[in-house]
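Each remark here refers to the structure printed beneath this line.
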Amino acid sequence: VGFKAGVKDYKLTYYTPSYETKDTDILAAFRVTPQPGVPPEEAGAAVAAESSTGTWTTVWTDGLTSLDRYKGRCYHIEPVAGEETQFIAYVAYPLDLFEEGSVTNMFTSIVGNVFGFKALRALRLEDLRIPTAYVKTFQGPPHGIQVERDKLNKYGRPLLGCTIKPKLGLSAKNYGRAVYECLPGGLDFTKDDENVNSQPFMRWRDRFLFCAEAIFKSQAETGEIKGHYLNATAGTCEEMMKRAVFARELGVPIVMHDYLTGGFTANTTLAHYCRDNGLLLHIHRAMHAVIDRQKKHGMHFRVLAKALRMSGGDHIHAGTVVGKLEGEREITLGFVDLLRDDFIEKDRSRGLFFTQDWVSLPGVLPVASGGIHVWHMPALTEIFGDDSVLQFGGGTLGHPWGNAPGAVANRVALEACVQARNEGRDLAREGNDIIREASKWSPELAAACEVWKEIKFEFEAMDTL
């Protein structure tokens, strides 16, 4: 057949409602808002084309390959309830389109170019189904939940953390002092904030040294294993690795990375190093809201969470749920399960568009952090369960008596909630009573309860189904 130049509708090639998806296909669910006058089939096909083999006109080199083998296909379109102009377009991509073990390449293909497409008003990637054949090309988290518990020798409860504040401006020695005040009080971890890298007021090497001293002193005093998330994020991969190597030489248990600002290539590199060298890896999601906050455009956090599990990280920040609306709770628990479990069933009520099988890729601990304090402890324990990290920054350092009593208050509250749950009490209903009872035995907790008794952060949820 001779080459026929010209422009033809995408849907003639890329909209294939009769296509039966394969177990090896990567499946994507896009929320598409077409421009007025663009039919949904054409918009869905355009997304499939521009994120796989297509371009705006017919090219003669199409004849040199088998497009049927390599093209993305829009195989199903459904309306979005309550939204006249939005549709969910399901696209299947053949596995051959993607480099093995590269989240970078996967995202460059699926979300690389198509989001600036003129025929679309807005486009949001709601979910991805990663086939087991592709999952198996990734190392995933350096260690995973069970190995981390064994390393730390901590079982049967959530882990407790605290972000050191003020996040910027402390000298290395004062920073280390704050770490030392928190850890002996009962916290498992303290944390660098996401933007603590190596600034003029505190260079990274000084911070690492003082924090390591605080960790080892706390361990000697308490008999518990302690850690501080040393942020290795840097301007170059080489510098990042230099910091991770120094952390390993100090003998500390965990380092940290900002995976979105640092990038997936850097993150996967660091995750491989951490597995080879016995370091845990804490992941902060700085910049995520730029990508995931708009309901119509961008990418849902559940996709970023799946990508992180593939790229590698042992902890990741996942929101708090507390004080927010019910729908948001279900959505958050949906991606928390995606992080922790081996096999997650499709469940649209929780925002899960596909069934995901991780074939024993290690799990990631979700981290609840941001605006939480002792009164939230029962709800957090109930919502997140044991396999989580609860992080109280201001909720530790803001204690009226100082950092160490703040740490004690959080640990007492947590142990009280875990004990009450194990005795069969209902944390959702009796939470406040449980905290009040515990505070009779702990003056530190009583003082914390008094300070934060009225604080709430309640706004309407951005993220609805």
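Numbering starts at 1 and runs along the chain as displayed.
Using N, Cα and C of the backbone, Cβ positions are placed for all residues, glycine too.
Keep in mind the model is a prediction, meaning the values are calculated, not measured.
DSSP gives K4 (N6,N6,N6-trimethyllysine) a coil state; it is part of no helix or strand. The annotation N6,N6,N6-trimethyllysine is assigned in Swiss-Prot to K4.
Residues or ranges marked as substrate binding site in Swiss-Prot: N113, T163, K167, R285, H317, S369. The Cβ of S369 (substrate binding site) lies under 8 Å from the Cβ of G161, T163, H317, T320, V389, L390, Q391, G393, each of these being in the same chain and 6 or more residues away along the sequence.
Per Swiss-Prot, active site, proton acceptor is recorded for K165 (among others). Residues near K165 (active site, proton acceptor) in space but far in sequence (CB under 8 A, at least 6 apart, same chain), listed by position: D193, G393, G394, L397.
Taking a C-beta cut-off of under 8 angstroms and a sequence separation of 6 or more, K191 (N6-carboxylysine) has the following same-chain neighbours: G161, C162, T163, I164, H228, Y229, M256, H282, Q391, G393. Sequence annotations record features per position, and here Swiss-Prot assigns N6-carboxylysine to K191 based on sequence analysis.
According to Swiss-Prot, the Mg(2+) binding site annotation covers K191, D193, E194, on the basis of sequence analysis. In the three-state DSSP reading, K191 (N6-carboxylysine) counts as strand.
Taking all protein chains in view, 28 other C-beta atoms sit within 10 angstroms of the C-beta of H284 (active site, proton acceptor). If you look up Swiss-Prot, you'll see H284 (among others) marked as active site, proton acceptor.
The site 'Transition state stabilizer' annotation in Swiss-Prot covers K324, and the record cites sequence analysis as its basis.
For the recorded positions K4, K167, H284, R285, a Cα-Cα cutoff of 10 angstroms around E194 (Mg(2+) binding site) retains K167, H284, R285.
Its own atom aside, the Cβ of R285 (substrate binding site) has 23 Cβ atoms within 10 angstroms in the protein chains shown.
Sequence-distant neighbours of K4 (N6,N6,N6-trimethyllysine) (same chain, 6+ residues apart, CB-CB distance under 8 A): T58. Taking the mean position of the Cβ atoms of K191, D193, E194 as the Mg(2+) site, the remaining same-chain residues with a Cβ inside 8 Å of that point are T163, I164, K167, D192, N195, V196, Y229, N231, M256, H284. Burial estimate for the binding-site residues (N113, T163): highest at T163, by number of other CB atoms within 10 Å. Here the Cα atom of H284 (active site, proton acceptor) is found 14 Å from that of K167 (substrate binding site).
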